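Worksheet for the structure shown next.
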């Protein structure tokens, strides 16, 4: 069988199996539910060794499904990671990067002019071909100007915000972030959607949970396949939880937020079972990047044994918690050692729907179904970018660093530290250190904390270098970067007057447009 035909046959058999249908029946593709947390660390779940064991629902999800201990973000920051998930492509390809060398690669503050390019195929757009109804609940973060609205990029419904819940702002120098229902805003954070920074109380996770439950019920009643992208703000700083969860964790306010997330995931999975659609619903839980150690201990989580955190390309910034759950399809209680990427959720979702990925562009995401359903492992590299620079690559158990850098000495002296308590001489550098000729190579199985680079003179080092070098050369030779979306800033494009503001009396007057190159910190 030719490769294309084989792939088509695989998808067809999968869909028929998932629906419990033979060739005579009309296939019903499985529902797809992607649960994307914000800044949650690999070490925040009991199943990954968090000692207080405060995530019983997520731990049970893993026991009933499959755990991926080697699952990676496509970038150590929010927006590029989300763009990669929804396009199946590295941020350097889809435009979610900046050409300011080694910059933190953009958290898309309100003044960012760019967003998801029209020419990118976004997952819900493609799922429409298979009859899916799609909803995003929570943070979009792929551009807040009208042309970047999620309903213009394939989603049928949206409840959430275009940016993170930073604030409160005075609505003069900077507006508070709007919350949308579909096309129009229904309020703003810290106004109609209060967040008490002193106590940490906010009801947002409960609001987002109810949106998810209502959507699932409606689609089940209508007998329509659905794609739900539940991308809530928790556990991003400023960390919040609703009143019933505040003060319940041994881990402080951050732990309270994790417990509320765990409870919410439990309710979502229980609803799928109560509606008797769990065996026809694929669920995947992960995070957009590593825990923000800079915000720890009360506002940041744990990256387990890994080095550093969010904003770095060490393992703590890029390796994520990941659980796949599909009762009756994915064998329960399994662990997959497949190197996985958040970009794989794009390709895997298309495969679940019986669709092939676009053939007119490079797709970096891998179809994980062979790993999940058949235990097949695929050898593949994981590329770590920061800005427009390839910082590192993992191949098998080995990781090669071509550049190392955490944050600047200036920031470090101000108390800003992305690797608190984890100084590794020659590795966690505060200047941009190049290793392209002799990369620092670590064996992540023996040394997950990236503390002991292989000796340059060792046979092991030379063997790994021979394996890694052609992979990197081929990647760089064939790479065609997308148009950078995160270079230009303009205060006039902030959320001054979103659609629907006039109905609420919430329109604000924007300042004069003064576009300029964004000043990305180093």
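Cβ atoms here come from the backbone N, Cα and C positions, even for glycine.
Note that the structure is a prediction, hence the values are computed from the model and not measured.
So that you can see what the record holds, here are the features copied from Swiss-Prot:
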- 78: active site, nucleophile (ACT_SITE)
- 141: active site (ACT_SITE)
- 38, 39, 78, 288, 289: Ca(2+) binding site (BINDING)
- 308-419: disulfide bond (DISULFID)
- 489-518: disulfide bond (DISULFID)
- 501-507: disulfide bond (DISULFID)
- 78: 3-oxoalanine (Cys) (MOD_RES)
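Taking the C-alpha atom of residue 507 (disulfide bond) as reference, the shortest distance to any of the recorded positions 38, 78, 141, 288, 419 belongs to 141. Taking each of the disulfide-bonded residues 419, 507, 518 in turn and counting other Cβ atoms within 10 Å of its Cβ gives the largest count for 419. Distance between Cα atoms for residue 501 (disulfide bond) and the residue listed as 'active site': 20 Å, as a whole number. Here the C-alpha separation of residue 289 (Ca(2+) binding site) and residue 489 (disulfide bond) works out to 24 Å. The closest partner of residue 38 (Ca(2+) binding site) among the disulfide-bonded residues, by CA position, is 419; the full candidate set was 419, 489, 518. The Cβ of residue 288 (Ca(2+) binding site) lies under 8 Å from the Cβ of 36, 37, 38, 39, 73, 78, 81, 82, 85, 231, 320, 342, each on the same chain and at least six residues away in sequence. The local packing around residue 289 (Ca(2+) binding site), expressed as other Cβ atoms within 10 Å of its Cβ over all shown chains, amounts to 31. Cα of residue 308 (disulfide bond) to Cα of residue 518 (disulfide bond): a distance of 26 Å.
Residue 141 (active site) is 17 Å away from residue 518 (disulfide bond) when you measure Cα to Cα. The DSSP secondary structure for residue 489 (disulfide bond) is strand. Reduced to three states, the DSSP call for residue 39 (Ca(2+) binding site) is coil. Neighbouring residues of the recorded Ca(2+) site, listed in sequence order and excluding 38, 39, 78, 288, 289, comprise 37, 40, 77, 81, 236, 287, 310 (Cβ within 8 Å of the Cβ centroid).
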